[in-house]
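What TrEMBL says about this protein:
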type     : residues : note
REGION   : 1-42     : region 'Disordered'
COMPBIAS : 1-10     : compositional bias 'Gly residues'
REGION   : 182-208  : region 'Disordered'
COMPBIAS : 191-206  : compositional bias 'Basic and acidic residues'
ACT_SITE : D251     : active site, charge relay system
REGION   : 259-279  : region 'Disordered'
ACT_SITE : H292     : active site, charge relay system
ACT_SITE : S466     : active site, charge relay system
DOMAIN   : 541-670  : domain 'P/Homo B'
REGION   : 669-711  : region 'Disordered'
COMPBIAS : 680-691  : compositional bias 'Polar residues'
COMPBIAS : 699-709  : compositional bias 'Polar residues'
TRANSMEM : 846-869  : transmembrane segment
Amino acid sequence: MAQDGGGQDGGRQEGLPRGGPARPEAVAAARGGGDPLRGGPALPAAVTTGGCVSALRTGATAASMALRTCVLLALLAQCLAAASSPSLRAAEDNLLADSGHGHFSSQWIVHIDGGPAAADEIAARHGFDNHGEIFEGVFHFEHKRVAKRSVDPSPHHDTRLLSEPNVKRALQQRIRRRVKRDFLEEQGSGRTERAARGGPRSERSKTPVMFNDPRWLQMWYLNRGGGLDMNVQPAWEEGYTGRGVVVTILDDGLEKDHPDISRNYDPQASYDVNSHDDDPMPRYDMLDSNRHGTRCAGEVAATANNSICAVGVAFGASVGGVRMLDGDVTDAVEARSLSLNPQHIDIYSASWGPDDDGKTVDGPGELATRAFVEGISRGRGGKGSIFVWASGNGGRDMDNCNCDGYTNSIWTLSISSATENGLVPWYSEACSSTLATTYSSGQTGEKQVVTIDLHHMCTSSHTGTSASAPLAAGICALALEANRDLTWRDMQHIVVRTARPANLQSNDWAVNGVGRNVSHSFGYGLMDAHAMVQLARSWKSVPDQHRCEVSAPHTDKLIPSKSQVVLQLHVKECAGVNFLEHVQAKISLASSRRGDLQIHLTSPAGTRSTLLARRPQDMSRGGFTAWPFMSVHTWGEQPFGTWQLEIHNEGRFLGTLTEWKLILYGTETEPGNDGDRKSPPSSNTNVNNGNRKYGVNRPVNQSSPNQDENVVEPDIGSPWKEVHVGHTHNEVRGTTEDGISSSGCLSQDSSHRYCLECAPNLWLWQGQCEEKCPNRTYSTIDPASHISVCSWCHYSCKYCVGPNDYECSACFGDATLYQMSTAEKFCYPKVLLPAMDTAAWYQKTVIVFSIVAVLLFVLIALFIVNVFYNGRISNQYKIVKTSEDS
Ligand SMILES: [Ca+2]
Ligand SMILES: [Ca+2]
Ligand SMILES: [Ca+2]
Ligand SMILES: [Ca+2]
């Protein structure tokens, strides 16, 4: 399962401070169910504003004068209460304005035995539409009469579905905020046609490929030569155009009848997840807000030499579009898209992800994770689907792409951008999981990316990492045509070996332990299509992937304010892994301000990866829960020796590291064709050409795996050693045993990496077996499989006994546990408590005044009736008297 960055609940608080996520229900409760501003039912009509006015207008009698006084009093109370509750409304508006993230949708995931026929029948019986099977036995339902967005779940629909004997599990889907990675504001510079090409010309480009497409001359990133483009033309010249390779764009649709794409359009690689049909045509609006997918598709496979618009990198490839961003995105929507036709589609290109606001930590949920796992293990006949991902556009907000579980995943080939002049673009995010770079937009004055556009048009102003991922997908398609047997890992190996620093300028280029240049902004550098097809052609598939885990003891390490903690882990054995691929540091830590932390990992060969840089915007108190920070910087190195973790705490608050685990992926024998480690290809060795310098030369770790070192020393004690704690805190918490974790796994998936069932007394969590469910999860029995699993708490709870907001057992620091009844305990954000008190006071005041008003009214009425009655009696008496007198 979420081996690799399953949805961190940190993300579920996205856009809102932790605890602050202010359960919308809490707000409703705070309002006492009656909001004067929204016409709630709690107030008697007489005390609502309209009621007051009409009462005042009609008040003429003595009785109504009394009523008028009390109504005025009530009105005054209401005004006072309204004036004192703006903070409540502001907090609430914050919540509700938040794009529906976390709200319940009208979609369900239903696990059903008996196949599609049974699912159809059950759906019809309970008023659902069956949108089809995502995985075997897992169906995507939607209920037309349930609100598309609601703060409240619809448990009675769960109950109805679960009453069916064939239904094993029913889960209402929640909305996830996902953003496209380009920019709506036009920068203009790329809009105009340019006749002249920028940049020097290489020898090769003296005989350039010439196309008659009107924008071909503007496609600088494909044709400017001089080692300053992505070397696509020589690949084309060798005949590689992506023929036979299928790419799909997961986005907001595809204008499939665009004359520059229609020839390569592949309906089998297309689907409309938003409208549940086979036609991915985008929805047109005044802003053309759904042009993103079409633009991305054009970069991959716009037809060449047809006198129309642009040229795709893989203009011979088939291209499809999945319309999935033009509507509420749920885990089911993502899973549906990522698992579309995996035996037909080779490459999935995604230029979107969680908000790049610099404070979000979010990743794929349960189903999307399953889609990735099934994709890499079963897609393309077992060679694995290739997921190309845009690394993110949060540069301005100092976001870190390692906090994005999609790009941080080992299953995605993460691509960053470089500008025309080789600079780090202003939107770029730096992180250690980025594998390579393609060109994209930059500052005003720097050119942008040319591609097709909506309404059968053409654009020269596609921007952001959005533009980079499809270029990478196109280049991967060329490599895949050169060798159809490449696995998903082969493709990453080839990118690592062939990407080159080119003109990319960054002050963090470094040379890793096997002599390759690597940077957090650019990964291994600019992708080189020609080098990729050449290497792909003769590539022998890499040996099986192995993984080992080395855990630190379960002990808390304090990270005091303005200090750093340095920890070391000695890896003596890592079964099956002698040559590293991806490395994950799975970290749980608590912090009062997550953005103050920086985390670095240094490999035994001395390669230092920044797992997390400071994120000034991230004020979350959520910390990280088993977040698998990933690095590709140690690719090819050996895992043995001392790994060092540094955590810097720049803030004013104490942090606590609660869990730390190193997960090392790699191969037993050396991958590549001919001892690549000892002679890395020239394209990415430590180049110092001209006056440009890359990295710092330092000796490559020459030691080969030493048999002696491959043996666990049983008495080594803790593999962890605390080297230094800055400032205070001399006390080092006791370190205990436990070095290499034993898995406790009863059955694994076909790739032997992800556990499917654990031994008794162990709980399945993210593909591994845990003795105790981690923070923010609770132990339960999966109703479908009857397997013991850990499951996420409601995002407002720190600890819980069930999935709902009323099943919290402990809260985060900025929330308070609030017991409604013996069975219901909520976590209410402290920041909202004064507002809730105010609202409660207001409600009480209104009730008291209402009662007083009604009583007064009754008394006055009685008084009037009494006076009137007495008057009549005395008149009758007078009449009687008069008649007697007469
Ligand atoms: Ca459609
Ligand atoms: Ca064209
Ligand atoms: Ca990001
Ligand atoms: Ca990745």
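Any Cβ shown, glycine's included, is placed from N, Cα and C.
If you measure from the Cα atom of S466 (active site, charge relay system) to that of H292 (active site, charge relay system), you get 8 Å.
Model confidence over the domain 'P/Homo B' (541-670) is summarised by a mean pLDDT of 95. Separating the Cα atoms of D251 (active site, charge relay system) and H292 (active site, charge relay system) is a whole-number distance of 7 Å.
Cβ neighbour count for D251 (active site, charge relay system) (all protein chains, 10 Å cutoff from its Cβ): 30. Within 10 Å of the C-beta of S466 (active site, charge relay system) there are 29 other C-beta atoms, taking all protein chains into account.
The helix, strand and coil residue counts that DSSP assigns across the domain 'P/Homo B' (541-670) are 3 helix, 72 strand, 55 coil. In sequence order, K180, D182, D251, D252, L325, S351, S466 are the residues near H292 (active site, charge relay system), counting only same-chain partners six or more apart with C-beta under 8 A.
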